[in-house]
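Engineer: One structure, as C-alpha coordinates, below. Some questions next.
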Amino acid sequence: MAAREPRGVDASDEAVRGTCDDASICKRFAVNIGYWVDPYIQHFVRQAKERKAPEISRGYYARVRAVNQLLDAFLERTECNCQVISLGAGLDTTFWRLKDESRLPKKYFEVDFPIIVSRKIHSIKSKPPLSKPIMDTHSGQSLLIDSHSLDSCRYCIIGADLRNLPDLEEKLRKFNLDTQLPTVLVAECVLVYMSQEQSANLIKWASCKFHTAMLINYEQVNMNDRFGQIMVENLQRRQCHLAGVEVCQSLESQRGRLLSNGWENATALDMMKVYSSLPQNDVGRIEKLEFLDEKELLEQLLLHYCISWATKDGQNLGLAEISF
Ligand SMILES: C[S@@+](CC[C@H](N)C(=O)[O-])C[C@H]1O[C@@H](n2cnc3c(N)ncnc32)[C@H](O)[C@@H]1O
(Lines of atoms letter the chains of each structure in order from A and count residues from 1; the text may use other names and numbers.)
(Lines give C-alpha, C1' and ligand atoms only; values in the text may rest on other atoms or scores of the structure.)
Protein backbone atom coordinates (compact mmCIF):
# COMPACT_ATOMS: atom_id res chain seq x y z
CA MET A 1 0.00 0.00 0.00
CA ALA A 2 1.33 3.45 -0.86
CA ALA A 3 2.29 5.59 2.12
CA ARG A 4 -0.22 8.38 2.74
CA GLU A 5 1.02 11.91 2.36
CA PRO A 6 0.93 14.04 5.52
CA ARG A 7 -2.33 16.04 5.72
CA GLY A 8 -0.60 19.36 5.14
CA VAL A 9 0.86 18.20 1.82
CA ASP A 10 -2.56 17.03 0.63
CA ALA A 11 -4.22 20.31 1.51
CA SER A 12 -1.48 22.31 -0.13
CA ASP A 13 -1.63 20.23 -3.33
CA GLU A 14 -5.39 20.68 -3.36
CA ALA A 15 -4.97 24.46 -3.16
CA VAL A 16 -2.38 24.33 -5.94
CA ARG A 17 -4.83 22.45 -8.14
CA GLY A 18 -7.38 25.17 -7.37
CA THR A 19 -5.10 27.73 -9.03
CA CYS A 20 -6.01 26.10 -12.33
CA ASP A 21 -9.58 27.41 -12.04
CA ASP A 22 -8.42 30.82 -10.85
CA ALA A 23 -6.22 31.24 -13.92
CA SER A 24 -8.86 30.05 -16.38
CA ILE A 25 -11.68 32.09 -14.85
CA CYS A 26 -9.54 35.25 -15.01
CA LYS A 27 -8.58 34.43 -18.60
CA ARG A 28 -12.21 33.84 -19.57
CA PHE A 29 -13.24 37.13 -17.97
CA ALA A 30 -10.55 39.04 -19.91
CA VAL A 31 -11.50 37.25 -23.14
CA ASN A 32 -15.15 38.24 -22.68
CA ILE A 33 -14.18 41.89 -22.37
CA GLY A 34 -12.07 41.64 -25.53
CA TYR A 35 -8.46 41.62 -24.32
CA TRP A 36 -7.68 38.76 -26.69
CA VAL A 37 -9.61 36.17 -28.70
CA ASP A 38 -10.11 32.64 -27.38
CA PRO A 39 -13.26 30.86 -28.55
CA TYR A 40 -12.37 27.71 -26.59
CA ILE A 41 -11.96 28.83 -23.00
CA GLN A 42 -15.77 29.13 -22.55
CA HIS A 43 -15.97 25.35 -22.94
CA PHE A 44 -13.65 24.73 -20.01
CA VAL A 45 -14.70 27.25 -17.35
CA ARG A 46 -17.80 29.08 -16.26
CA GLN A 47 -18.12 32.82 -16.44
CA ALA A 48 -16.69 34.60 -13.37
CA LYS A 49 -19.26 35.44 -10.72
CA GLU A 50 -17.71 38.81 -9.96
CA ARG A 51 -15.92 41.33 -12.11
CA LYS A 52 -12.14 41.17 -12.14
CA ALA A 53 -10.28 44.44 -11.65
CA PRO A 54 -8.89 45.95 -14.86
CA GLU A 55 -5.29 45.62 -13.62
CA ILE A 56 -5.84 41.85 -13.26
CA SER A 57 -7.09 41.55 -16.84
CA ARG A 58 -4.23 43.67 -18.16
CA GLY A 59 -1.79 41.46 -16.27
CA TYR A 60 -3.30 38.35 -17.84
CA TYR A 61 -3.21 40.03 -21.23
CA ALA A 62 0.54 40.64 -20.86
CA ARG A 63 1.10 37.08 -19.61
CA VAL A 64 -0.80 35.41 -22.45
CA ARG A 65 0.73 37.67 -25.11
CA ALA A 66 4.25 37.15 -23.78
CA VAL A 67 4.05 33.37 -23.55
CA ASN A 68 2.42 33.15 -27.00
CA GLN A 69 5.05 35.39 -28.55
CA LEU A 70 7.96 33.23 -27.34
CA LEU A 71 6.17 29.98 -28.17
CA ASP A 72 5.27 31.19 -31.66
CA ALA A 73 8.87 32.30 -32.26
CA PHE A 74 10.06 28.77 -31.42
CA LEU A 75 7.46 27.25 -33.78
CA GLU A 76 8.65 29.60 -36.50
CA ARG A 77 12.36 28.79 -36.00
CA THR A 78 11.66 25.06 -36.10
CA GLU A 79 9.04 25.36 -38.88
CA CYS A 80 6.73 23.42 -36.53
CA ASN A 81 9.01 20.39 -36.84
CA CYS A 82 9.01 20.18 -33.05
CA GLN A 83 7.16 19.21 -29.90
CA VAL A 84 5.50 21.35 -27.25
CA ILE A 85 5.25 20.17 -23.64
CA SER A 86 2.97 22.30 -21.51
CA LEU A 87 3.89 21.65 -17.86
CA GLY A 88 1.00 22.22 -15.43
CA ALA A 89 -1.17 23.08 -18.42
CA GLY A 90 -4.40 23.32 -16.44
CA LEU A 91 -7.26 24.24 -18.78
CA ASP A 92 -5.01 26.01 -21.25
CA THR A 93 -6.33 26.28 -24.83
CA THR A 94 -3.13 26.85 -26.82
CA PHE A 95 -3.44 23.55 -28.73
CA TRP A 96 -6.74 24.75 -30.24
CA ARG A 97 -5.31 28.18 -31.11
CA LEU A 98 -2.37 26.61 -32.92
CA LYS A 99 -4.67 24.25 -34.81
CA ASP A 100 -6.79 27.21 -35.99
CA GLU A 101 -3.65 29.08 -37.05
CA SER A 102 -2.25 26.01 -38.91
CA ARG A 103 0.77 26.09 -36.67
CA LEU A 104 0.59 22.79 -34.85
CA PRO A 105 3.83 21.17 -33.78
CA LYS A 106 4.35 17.49 -34.58
CA LYS A 107 2.93 16.74 -31.18
CA TYR A 108 1.49 18.89 -28.40
CA PHE A 109 1.78 17.36 -24.90
CA GLU A 110 0.07 18.63 -21.77
CA VAL A 111 0.80 17.46 -18.22
CA ASP A 112 -1.10 18.21 -15.02
CA PHE A 113 -2.28 16.41 -11.91
CA PRO A 114 -4.53 13.41 -12.81
CA ILE A 115 -7.62 15.02 -11.28
CA ILE A 116 -7.24 18.14 -13.46
CA VAL A 117 -6.56 16.00 -16.52
CA SER A 118 -9.75 13.97 -15.87
CA ARG A 119 -11.79 17.15 -15.83
CA LYS A 120 -10.18 18.42 -19.00
CA ILE A 121 -10.76 15.11 -20.79
CA HIS A 122 -14.39 15.16 -19.68
CA SER A 123 -14.87 18.62 -21.22
CA ILE A 124 -13.12 17.53 -24.41
CA LYS A 125 -15.25 14.40 -24.72
CA SER A 126 -18.51 16.22 -24.15
CA LYS A 127 -17.92 19.35 -26.28
CA PRO A 128 -17.58 18.92 -30.05
CA PRO A 129 -15.78 22.28 -30.56
CA LEU A 130 -12.99 20.82 -28.39
CA SER A 131 -12.98 17.23 -29.64
CA LYS A 132 -13.34 17.96 -33.37
CA PRO A 133 -9.91 19.61 -33.81
CA ILE A 134 -8.32 16.61 -32.07
CA MET A 135 -10.19 14.14 -34.29
CA ASP A 136 -9.42 16.21 -37.41
CA THR A 137 -5.70 15.91 -36.73
CA HIS A 138 -5.83 12.22 -35.87
CA SER A 139 -5.36 9.31 -38.25
CA GLY A 140 -4.51 5.64 -37.99
CA GLN A 141 -5.39 3.59 -34.93
CA SER A 142 -8.25 4.55 -32.69
CA LEU A 143 -7.66 7.30 -30.21
CA LEU A 144 -6.41 6.21 -26.82
CA ILE A 145 -8.51 7.67 -24.06
CA ASP A 146 -9.00 6.81 -20.39
CA SER A 147 -9.79 8.91 -17.35
CA HIS A 148 -6.22 10.15 -16.83
CA SER A 149 -4.81 10.37 -20.34
CA LEU A 150 -5.76 11.02 -23.91
CA ASP A 151 -3.42 10.32 -26.79
CA SER A 152 -3.97 11.24 -30.43
CA CYS A 153 -1.52 11.84 -33.27
CA ARG A 154 -1.04 15.55 -32.51
CA TYR A 155 -2.43 16.11 -29.00
CA CYS A 156 -1.72 14.22 -25.80
CA ILE A 157 -2.72 14.96 -22.24
CA ILE A 158 -1.14 13.12 -19.34
CA GLY A 159 -1.98 12.97 -15.65
CA ALA A 160 1.30 13.08 -13.71
CA ASP A 161 3.03 14.86 -10.86
CA LEU A 162 5.84 17.03 -12.20
CA ARG A 163 7.81 16.32 -9.03
CA ASN A 164 8.06 12.65 -9.93
CA LEU A 165 10.41 12.69 -12.93
CA PRO A 166 10.79 8.93 -13.59
CA ASP A 167 6.98 8.61 -13.77
CA LEU A 168 6.69 11.74 -15.93
CA GLU A 169 9.31 10.47 -18.37
CA GLU A 170 7.80 7.00 -18.55
CA LYS A 171 4.38 8.43 -19.40
CA LEU A 172 5.73 10.86 -21.99
CA ARG A 173 7.69 8.04 -23.66
CA LYS A 174 4.66 5.77 -23.62
CA PHE A 175 2.91 8.43 -25.69
CA ASN A 176 5.80 8.72 -28.15
CA LEU A 177 7.81 11.65 -26.91
CA ASP A 178 10.73 12.01 -29.34
CA THR A 179 13.79 13.36 -27.54
CA GLN A 180 15.52 13.95 -30.89
CA LEU A 181 12.95 16.56 -31.96
CA PRO A 182 13.39 20.24 -31.02
CA THR A 183 11.14 20.74 -28.00
CA VAL A 184 9.72 23.74 -26.20
CA LEU A 185 8.58 23.33 -22.61
CA VAL A 186 6.16 25.90 -21.20
CA ALA A 187 5.61 26.43 -17.47
CA GLU A 188 3.07 29.20 -16.94
CA CYS A 189 2.68 29.86 -13.20
CA VAL A 190 3.67 26.34 -12.21
CA LEU A 191 7.25 26.04 -10.93
CA VAL A 192 6.59 28.33 -7.98
CA TYR A 193 4.34 25.64 -6.49
CA MET A 194 7.21 23.19 -6.09
CA SER A 195 10.31 23.43 -3.94
CA GLN A 196 13.50 24.97 -5.26
CA GLU A 197 15.06 21.50 -5.49
CA GLN A 198 12.08 19.99 -7.31
CA SER A 199 11.91 22.75 -9.91
CA ALA A 200 15.69 22.61 -10.39
CA ASN A 201 15.43 18.85 -11.02
CA LEU A 202 12.66 19.37 -13.57
CA ILE A 203 14.61 22.12 -15.34
CA LYS A 204 17.75 19.97 -15.38
CA TRP A 205 15.82 16.94 -16.61
CA ALA A 206 14.52 19.03 -19.54
CA SER A 207 17.96 20.36 -20.45
CA CYS A 208 19.47 16.84 -20.36
CA LYS A 209 16.77 15.13 -22.41
CA PHE A 210 16.75 17.38 -25.46
CA HIS A 211 19.68 18.65 -27.49
CA THR A 212 17.59 21.40 -29.09
CA ALA A 213 15.12 22.97 -26.73
CA MET A 214 13.62 26.03 -25.11
CA LEU A 215 12.04 26.46 -21.71
CA ILE A 216 9.55 29.29 -21.14
CA ASN A 217 8.73 30.09 -17.53
CA TYR A 218 6.27 32.68 -16.26
CA GLU A 219 5.99 33.32 -12.54
CA GLN A 220 6.56 35.70 -9.64
CA VAL A 221 9.66 37.84 -9.10
CA ASN A 222 10.83 40.52 -6.62
CA MET A 223 9.08 38.64 -3.85
CA ASN A 224 11.34 39.99 -1.10
CA ASP A 225 9.65 43.36 -0.85
CA ARG A 226 6.47 44.33 0.99
CA PHE A 227 4.20 43.86 -2.03
CA GLY A 228 5.69 40.40 -2.62
CA GLN A 229 5.19 39.43 1.01
CA ILE A 230 1.53 40.46 0.82
CA MET A 231 1.10 38.28 -2.28
CA VAL A 232 2.57 35.30 -0.39
CA GLU A 233 0.40 35.96 2.67
CA ASN A 234 -2.78 36.24 0.58
CA LEU A 235 -2.11 32.88 -1.03
CA GLN A 236 -1.15 31.31 2.28
CA ARG A 237 -4.50 32.35 3.70
CA ARG A 238 -6.04 30.12 1.05
CA GLN A 239 -3.60 27.34 2.11
CA CYS A 240 -1.74 27.81 -1.15
CA HIS A 241 1.93 27.58 -0.37
CA LEU A 242 4.46 29.09 -2.78
CA ALA A 243 7.06 26.41 -2.06
CA GLY A 244 9.46 27.79 -4.64
CA VAL A 245 9.26 31.46 -3.69
CA GLU A 246 12.97 31.63 -2.88
CA VAL A 247 13.91 31.46 -6.57
CA CYS A 248 11.48 34.30 -7.19
CA GLN A 249 13.63 36.88 -5.41
CA SER A 250 15.05 38.58 -8.48
CA LEU A 251 15.52 38.37 -12.23
CA GLU A 252 19.07 37.19 -11.51
CA SER A 253 17.89 34.31 -9.30
CA GLN A 254 15.45 33.27 -12.03
CA ARG A 255 18.11 33.39 -14.71
CA GLY A 256 20.68 31.71 -12.45
CA ARG A 257 18.42 28.69 -11.88
CA LEU A 258 18.18 28.14 -15.64
CA LEU A 259 21.90 28.56 -16.29
CA SER A 260 22.97 26.34 -13.39
CA ASN A 261 20.70 23.54 -14.58
CA GLY A 262 22.11 22.84 -18.00
CA TRP A 263 20.75 25.57 -20.26
CA GLU A 264 23.13 27.47 -22.57
CA ASN A 265 21.38 30.85 -22.72
CA ALA A 266 18.85 32.42 -20.41
CA THR A 267 17.00 35.73 -20.14
CA ALA A 268 14.59 37.01 -17.50
CA LEU A 269 12.46 40.14 -17.87
CA ASP A 270 9.90 41.62 -15.51
CA MET A 271 6.43 42.04 -16.97
CA MET A 272 6.65 45.83 -16.76
CA LYS A 273 9.45 45.66 -19.30
CA VAL A 274 7.59 43.07 -21.37
CA TYR A 275 4.38 45.15 -21.34
CA SER A 276 6.27 48.06 -22.88
CA SER A 277 7.83 45.74 -25.49
CA LEU A 278 4.56 44.20 -26.70
CA PRO A 279 3.09 45.53 -29.99
CA GLN A 280 2.00 48.98 -28.85
CA ASN A 281 -0.96 49.29 -31.24
CA ASP A 282 -2.57 46.32 -29.52
CA VAL A 283 -1.60 47.60 -26.06
CA GLY A 284 -3.29 50.89 -27.02
CA ARG A 285 -6.41 48.99 -28.05
CA ILE A 286 -6.74 47.02 -24.79
CA GLU A 287 -6.01 50.11 -22.67
CA LYS A 288 -9.23 51.59 -24.06
CA LEU A 289 -11.35 48.59 -23.04
CA GLU A 290 -11.69 49.54 -19.37
CA PHE A 291 -10.89 52.60 -17.34
CA LEU A 292 -7.93 51.94 -15.06
CA ASP A 293 -7.99 53.97 -11.91
CA GLU A 294 -5.07 52.31 -10.18
CA LYS A 295 -2.15 52.72 -12.58
CA GLU A 296 0.29 52.23 -9.72
CA LEU A 297 -1.29 48.93 -8.76
CA LEU A 298 -0.89 47.65 -12.32
CA GLU A 299 2.77 48.70 -12.26
CA GLN A 300 3.30 46.92 -8.94
CA LEU A 301 1.67 43.76 -10.29
CA LEU A 302 3.74 43.81 -13.46
CA LEU A 303 6.91 44.33 -11.45
CA HIS A 304 6.15 41.21 -9.42
CA TYR A 305 5.85 38.80 -12.33
CA CYS A 306 8.45 37.86 -14.88
CA ILE A 307 9.00 35.75 -17.92
CA SER A 308 12.24 33.86 -18.23
CA TRP A 309 13.33 31.65 -21.06
CA ALA A 310 16.32 29.47 -21.79
CA THR A 311 17.62 27.73 -24.88
CA LYS A 312 19.92 24.91 -25.94
CA ASP A 313 20.60 24.89 -29.62
CA GLY A 314 22.13 21.61 -30.85
CA GLN A 315 20.76 22.20 -34.36
CA ASN A 316 21.88 25.83 -34.65
CA LEU A 317 18.41 27.17 -35.31
CA GLY A 318 19.23 30.57 -33.84
CA LEU A 319 17.17 29.93 -30.71
CA ALA A 320 19.32 32.28 -28.63
CA GLU A 321 18.08 35.20 -30.76
CA ILE A 322 14.45 34.69 -29.71
CA SER A 323 13.33 37.73 -27.75
CA PHE A 324 10.68 40.45 -27.59
C1 LIG B 1 -1.76 28.62 -11.84
S2 LIG B 1 -2.26 27.16 -12.67
C3 LIG B 1 -1.73 27.55 -14.32
C4 LIG B 1 -2.41 26.76 -15.37
C5 LIG B 1 -1.97 27.09 -16.81
N6 LIG B 1 -0.54 26.89 -16.96
C7 LIG B 1 -2.33 28.53 -17.10
O8 LIG B 1 -1.46 29.39 -17.01
O9 LIG B 1 -3.50 28.80 -17.44
C10 LIG B 1 -1.02 25.99 -12.14
C11 LIG B 1 -1.23 24.60 -12.70
O12 LIG B 1 -0.08 23.81 -12.42
C13 LIG B 1 -0.49 22.54 -11.99
N14 LIG B 1 0.55 21.96 -11.15
C15 LIG B 1 1.18 22.56 -10.11
N16 LIG B 1 2.06 21.71 -9.55
C17 LIG B 1 2.00 20.56 -10.26
C18 LIG B 1 2.67 19.31 -10.16
N19 LIG B 1 3.55 19.07 -9.20
N20 LIG B 1 2.36 18.35 -11.06
C21 LIG B 1 1.44 18.57 -12.04
N22 LIG B 1 0.77 19.73 -12.17
C23 LIG B 1 1.05 20.72 -11.29
C24 LIG B 1 -1.79 22.82 -11.22
O25 LIG B 1 -2.60 21.68 -11.07
C26 LIG B 1 -2.42 23.89 -12.09
O27 LIG B 1 -3.24 23.35 -13.10
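Cβ atoms here come from the backbone N, Cα and C positions, even for glycine.
Quantities reported herein were computed from a predicted structural model and do not represent experimental measurements.
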Engineer: According to TrEMBL, Gly88, Asp161, Leu162, Glu188 bind S-adenosyl-L-methionine; which one of Arg58, Arg63, Arg119 is listed for that same site?
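Structural biologist: Matched candidate out of Arg58, Arg63, Arg119, per TrEMBL for S-adenosyl-L-methionine with Gly88, Asp161, Leu162, Glu188: Arg63.
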Engineer: Return the members of Arg63, Gly88, Asp161, Leu162, Glu188 (the binding-site residues) with CB less than 6 angstroms from at least one atom of ligand 1, or none.
Structural biologist: Gly88, Asp161, Leu162, Glu188
Engineer: Compile a sequence-ordered list of residues in the same chain as Arg63 (S-adenosyl-L-methionine binding site), six or more apart from it, whose Cβ lies below 8 A from its Cβ; state 'none' when nothing qualifies.
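Structural biologist: Sequence-distant Cβ neighbours: Glu188, Cys189, Tyr218, Met271, Tyr305, Ile307.
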